[in-house]
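Enquirer: Sharing the record's features from TrEMBL:
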{"type": "SIGNAL", "residues": "1-20", "note": "signal peptide"}
{"type": "DOMAIN", "residues": "79-405", "note": "domain 'Peptidase A1'"}
{"type": "DISULFID", "residues": "Cys91-Cys160", "note": "disulfide bond"}
{"type": "DISULFID", "residues": "Cys110-Cys117", "note": "disulfide bond"}
{"type": "CARBOHYD", "residues": "Asn134", "note": "N-linked glycosylation site"}
{"type": "CARBOHYD", "residues": "Asn261", "note": "N-linked glycosylation site"}
{"type": "DISULFID", "residues": "Cys284-Cys288", "note": "disulfide bond"}
{"type": "DISULFID", "residues": "Cys327-Cys364", "note": "disulfide bond"}
Amino acid sequence: MKTPGVLLLILGLLASSSFAIIRIPLRKFTSIRRTMTEVGGSVEDLILKGPITKYSMQSSPKTTEPVSELLKNYLDAQYYGDIGIGTPPQCFTVVFDTGSSNLWVPSIHCKILDIACWVHHKYNSDKSSTYVKNGTSFDIHYGSGSLSGYLSQDTVSVPCKSDQSKARGIKVEKQIFGEATKQPGIVFVAAKFDGILGMGYPHISVNNVLPVFDNLMQQKLVDKNIFSFYLNRDPEGQPGGELMLGDTDSKYYHGELSYLNVTRKAYWQVHMDQLEVGNELTLCKGGCEAIVDTGTSLLVGPVEEVKELQKAIGAVPLIQGEYMIPCEKVSSLPTVYLKLGGKNYELHPDKYILKVSHGGKTICLSGFMGMDIPPPSGPLWILGDVFIGSYYTVFDRDNNRVGFANAVVL
């Protein structure tokens, strides 16, 4: 007969053997838009040369036709983390993007005129013992051309290198991903990230490739099929945040998590009841659809409605789609309320105004941006990092829902 002490020891060992949270530290860098603005470059002409259609569904997820993607989305991305591809792992810095569903990184076989490829890490299949050739071509269309290459299969390590004494990592086997051999224009030269790891639903995956998280789910690598984001909004704060796979961590939020059901399993799309700017202005009247997107830092809405919002907070156009507010007026600006699931989520002015360096001076920019997303996908609002930074966010594939709770300030 086992003593109570022995039973407790066995139970403890069983508990410790269950899957732990996979933690990927996120680092915060200057966005492409800010980098190019600082050196006097323009990205707006590049964007306007072609369709802005990241949020346009394909008629069939199995299509092999080039898929248009929104370059503007990544102009403002700031939070990146590391993954590994291959055996041994080759490390890459990626945007963990809930607004897309494919993984791609630059290839060692990129075109000689692809300047962006020169300044980023490149995947070399010859150095991986787990590489399997696929060879199917893929294209993602941007305003100035297409990001193109071919598909390959290998093991993905998350994070790239795990410290067994502190945190564990996982290896997702037989993952199909894109080797990019051509990147468009000069914009990606300014990017601090190597590639994109999409965390949306399979429906929007280019070439019908199984997304990394879906592959992870099939291989039963986590206890719960959920992932969550904490983003540190302190401009000087490091780490920039953390992505957690398999569970939530209450040290990053206070209060209870409130959940909304996903209304369309493509992006992480939810219903928003309305948006209010103080007591002056109500937008999204009668309700609208919104997607929760870690791939953009701003809060985005239909152009005409966002113009009204910018006017209500006293923002004036600057350049390249940005709006500026005198920094001395920030404290007197109205609170913005997003009503989701019958609950008001507050964004105080210090949360939706971004302080950045411009020409050696600090300026205050509006965290809102106008963009029209055409039917059948749109119109849509996009809740980017301006919102996610204030609210710890949980993406739950087990129950197809998104959860929010007030994020702590570290």
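Just so it is clear, glycine is given a Cβ too, placed from its N, Cα and C backbone atoms.
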Enquirer: So which one is it: of the glycosylation sites Asn134, Asn261, which has the fewest other Cβ atoms within 10 Å?
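Expert: Among the glycosylation sites Asn134, Asn261, the lowest count of other Cβ atoms within 10 Å belongs to Asn261.
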Enquirer: Which one is it: of the disulfide-bonded residues Cys110, Cys160, Cys284, Cys327, which Cβ has the fewest other Cβ atoms within 10 Å in this structure?
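Expert: If we count Cβ atoms within 10 Å for the disulfide-bonded residues Cys110, Cys160, Cys284, Cys327, the smallest count is at Cys327.
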Enquirer: Return the single residue from the disulfide-bonded residues list (Cys91, Cys117, Cys288) that has the minimum number of other CB atoms within 10 Å.
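Expert: Per-residue Cβ counts within 10 Å for the disulfide-bonded residues Cys91, Cys117, Cys288 bottom out at Cys91.
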Enquirer: Which whole-number value in Å describes the distance between the Cα atoms of Cys117 (disulfide bond) and Cys288 (disulfide bond)?
Expert: 40
Enquirer: To the nearest whole angstrom, state the Cα distance for the pair Cys327 (disulfide bond) and Asn261 (N-linked glycosylation site).
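Expert: So the Cα of Asn261 (N-linked glycosylation site) lies 38 Å away from that of Cys327 (disulfide bond).
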